Amino acid sequence: MIRIEPRAATSQAFKLGLPVLSAVIALLAAAIPLAFAGANILTAYGEMVKGVFGSLFAVSEMLTRATPLIFTGLAAALAFRARLWNIGAEGQLYLGAMAAVAIGAGAIEAPSYILVPVIIVMGCAAGAAGMVVPTVLKTRFGADEVVTTLLLNFIVLIFLQYMLEGPLKDPMGMGWPQSAPILDEGTLPGLMTRMRVHSGLIIALVAAAVAQVMLSRSVWGFKLRAVGENAPAARHAGIGVDRTLLSVAIVSGGLAGMAGVSEVAGLKGYLTADLSPGFGYTGIVVAMLAGLSPVGVVVAALFIASVFVGADSMSRSMGVSSYLADLIVSMSLLCVLIGGFFARYKITRSAPTKGEAS
Amino acid sequence: MTDTKVLSLNGLSKRFGSVIANDCVDLELHKGEVLALLGENGAGKTTLMNMLFGHYMPDAGTVEVADEAGQMQALPLGHPQAALAAGIGMVHQHFALAENLSALNNIVLGSERLSLLRRDLKAARAKIERIMQHTGLTVTLDTPVGRLSVGERQRVEILKALYRDVRILVLDEPTAVLTPQEADTLFENIGAMTREGLSVIFISHKLREVLAFSQRIAVLRHGKKVGEIATAEADERIIARMMVGADTPETARQEMTPGAPVLTLQDVSVTGRSKRDSLTGANLTVHAHEILGIAGVSGNGQSALAGLISGLNRPTSGRVTLAAEEVAQVTPTNMIKAGVGRIPEDRHHDGMVGAMSVAENMVIERLSDPEVQSAGFLKKDAITANAEKLTADYDVRGPGVGARARLLSGGNIQKMILARVFEQSPKLILANQPTRGLDMLAASEVARRLLEARAAGAGIVLISEDLDEILGLADRVVVIHDGEMIEAETRDREAIGLMMAGEVTPHEPQQSGAETQ
Amino acid sequence: MMDILNILMSESFWAASLRIATPLIFGVLGALLCEKSGVLNLGIEGIFVTGAMVGWMAVWLGLGLWGGVLAAAVAGAAFGLLHAILTVPLGLSQHVSGLGVTLFATSLSYFTYRTALPTVSSPPKIESFRALDIPVLSDLPFLGPVLFQQTAFTWLALLMVLLVWYVLNRTPLGVAIQAVGDNPDSVDAQGLSVYGLRIGAVVAGSALMALGGAFLTMSAFDSFFFGMVNGRGWICIALVIFASWRPGKALLGALLFGAFDALQVRLQTEVGALVPSQVFIAAPYVLSIVALVIAARRADYPRALLTPWFKGQR
């Protein structure tokens, strides 16, 4: 009889190898839809690699793509560690972006060493607010935050349409629903000349490092982990569960908001309703691939960004639907999930160890 | 009792990882017999029965069951369906009942073909009513099980088995949740059923009821069967020695003069989801150098009282005073700061964060302490050193202080919690079911630590469903029933049992914390 | 005020309400069936997309309307099976697995559609379900247009409400599903298969969800376009809680929701000048959150919801 048996401990190598293996399997599995689309598989993979690493420009594009994913990945990773299911990073990203253009597109004129920090703080605050609402609904009324954050994504997008057709509309935009551009003083400086990669990446890397330290070394991180792993025990031990969740919500929402700030103030310069091709949702995949570790988020974001940039480039040159990238990303999530099962359990033909001998 | 064999377990062995749960156990059961399977926690009783019932697959050994004609047949192992079909029924300690369904549905569940498009419950109801009449096990069939009392739920469990026409019934710790009187009734019912030919195995660690109600006793120790004895020839000392392998150290409680009150409850009410987890107008005083035992059947307000003292439940009215100071706001943090040590009932669920390290669990209640953190950052070295010291002092054994707490055994988890609590020299200790699920040695260690804390001047509230434990440790006994507490002026088991069943109600609210003590 | 009354009196309003409610009825019933067995299925949004795409494409390929319905149900069941395997025997996080299924089902559907129809500028149309024309009944005043001029697909939804209610409350199978969602041990101890019941419920529930999606492309509209599901799946998850896991209340919730949505479209034309249209567009989502907040505390959750169960680990 086949039995599921929990492992006492998972080796470090297993933990590190698991997401890599999942990513590889997902990439290999992409051969099936590629064949279905009638593409030469080897050529397609070659094009994908070239699209990511073929030139300095390609690498810059990949890093540019990774930047918002690090932010949304961190947003998901920290929240999930506290078992706060923030599926609303997409909406929080747009809230951050709206705050950035509301302030940075001419409302305030100031030198960049003032304007940039103000934009960042307000963008993060807007994103945080977007997560505080569902968190309070959860702690006060018991409303499941999964559903509320998902629904809030749609509400924010509709609000965005209103803002882009109304208060935030660019008067010089020839009638397009887009915001006025952010002032030069409010722009995040680029990192390389003629490349799109910008200093948002540096902020993202710093955020990941800070998150890692806070999570493992600070009292806040201790409380976050305790609440996530066993909220009743945390409450019993005198840890304010609701207060901890609220603080996590602020940080998580703030990070997602920062993704929006980084995209408008670092990359696009102005806000449209298609600023994010689902960075918020993809951040969940990034976080899961990273095993909810902040440092892992950076690596996972680079991988996912490579998939997107590589598949985009490949699909342009070979005429395969660019939805292939989303397909690979979703498959890597499913693979890492299944892999996580094998990290925690082994399947044996004997009987389980967990049953208590009493 | 006849000599017809109905069941024989031959050389059953079961290993969980490196732990041997059962080692070549043989057991026989005869028709109409009540066999008590006795042993400490962890001795392998439940594992053995779970193999019989098909929940676990044995590593070695066979099971034979008499069929309807009395012929012994090999039982296919590892299949609950096969066990059910062979006429074996098991009543688990943790009830396997769907609370959203009626008793009737729970009983009938699984005996109808799932492909049926219509149900015929008339015949089923008639059959159950016949069984109820016959055995005296009565329940209301149409009420959702979630609204039944614990005793009624147990009767539903037994009816489930009887409905399936079982010839062999296994009862796992059936009296753990019953009052002494309810337990007696249960055994009377069982007696009636065995006279009709039912054979019963009941698992227990309560020597008293084993001696009173079984015909034969089999004792397991460390997974092995260490002996079998006819009940008529046994007494408590003999079987206790068989269970433990040696005489257990008696926990000697010395009389002590109580000191000043450390906890006073004045007309405190706590509102829970139902009256069963509420407290109404509770009055209670616990003094230094005193263990106050709270006796009662589970689900009579113990969780509300424990929640109150832990700081999890806010009182809706009344005053809570700790060491002469009124607690303005009852929260876990405030209670910890005021010197309350809490040993929670469910140590896995409330007592520790299993995924965090032993060291982290040892400081989880004092995260604002400068010994643990500075400027919001953890002092990792100090936390490790603290854990090293405490694990040594309290003999917490496991894979190390950096390992996840859930890797510890139940007894070591409890020691970890005791270390965390006692190290802060609490003025008041809440010990909620502190020995549940522990083996005798670990349990006597807990008792010793509680008595030490009492000698050191702590006041202790001991909540237990085990009346023997309360009578052994407590200086005073308060009975809790339906959210109300009454001090027992007696230590007589029968009298306390009647109070636990709610059959003695005070004519006027009694001051439990009698200052005259 | 008179305007609202006029709207509420009109038969076209009630006909629209039922039409808008139809995909939600399928979705809520599907989610209800999954959750009753103890499994949250957040794959619903993606399964809606798949149902919409597959149903449409099957008709487009010439399988006929009912062939399309069947194809959509089978596709939904397949993704349900994926979710069930991940969450039931493997016991993985129902939240993450569900989101994974949504992402996977959505991207696979989009990829397939794009690969099959690479260069269409406007989405091709199919001959979708037509309004019923039942002699006498369809000509009844008020009831005729509201009930008897709907498509057969809407009637299928109403039939499913009855069917799910009957199965859950009147058959041994339904009672077992309710038991497994409350306490899997109760089912296991009686010799029934926890895995079998849960997997079956999730697969069947997912097939129902896919029908909700198929309704969009085969009855409400006649072509498939990206983003057409637009959160309907998530709304269903909120409505299940609102409905307290009862099929009858689920129907009521979906109808209320449909009525509200129909009302806001009509109000938009009445007072559109005064209030930005986005207020009306956002209203259904806001309403879902409000419904969730109101219902959350009183909700009678299946006790074993979200809790995995492993054989032999009691």
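All residue numbers here begin at 1 and follow the chain in the order shown.
From the backbone N, Cα and C atoms, a Cβ is placed for every residue, glycine too.
Listed in TrEMBL for this protein:
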TRANSMEM  C:12-32  transmembrane segment
TRANSMEM  C:39-59  transmembrane segment
TRANSMEM  C:65-88  transmembrane segment
TRANSMEM  C:95-113  transmembrane segment
TRANSMEM  C:147-168  transmembrane segment
TRANSMEM  C:199-218  transmembrane segment
TRANSMEM  C:279-296  transmembrane segment
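Among the recorded stretches C:12-32, C:39-59, C:65-88, C:147-168, C:279-296, the one sharing the largest number of Cβ pairs closer than 8 Å with the transmembrane segment (C:95-113) is C:39-59. Count of Cβ pairs under 8 Å against the transmembrane segment (C:39-59): among C:12-32, C:65-88, C:147-168, C:199-218, the largest is for C:199-218. Pairs of Cβ atoms less than 8 Å apart link the transmembrane segment (C:12-32) most often to C:199-218, out of C:65-88, C:147-168, C:199-218.
For the transmembrane segment (C:65-88), the residues of the chain that approach it from at least six positions outside its boundaries are 30, 34, 39, 41, 43, 46-47, 50-52, 54-59, 94, 97-98, 100-101, 104-105, 127-129, 153, 156, 195, 198-199, 202-211, 213-214, 218, 308, judged by C-beta separation under 8 angstroms.
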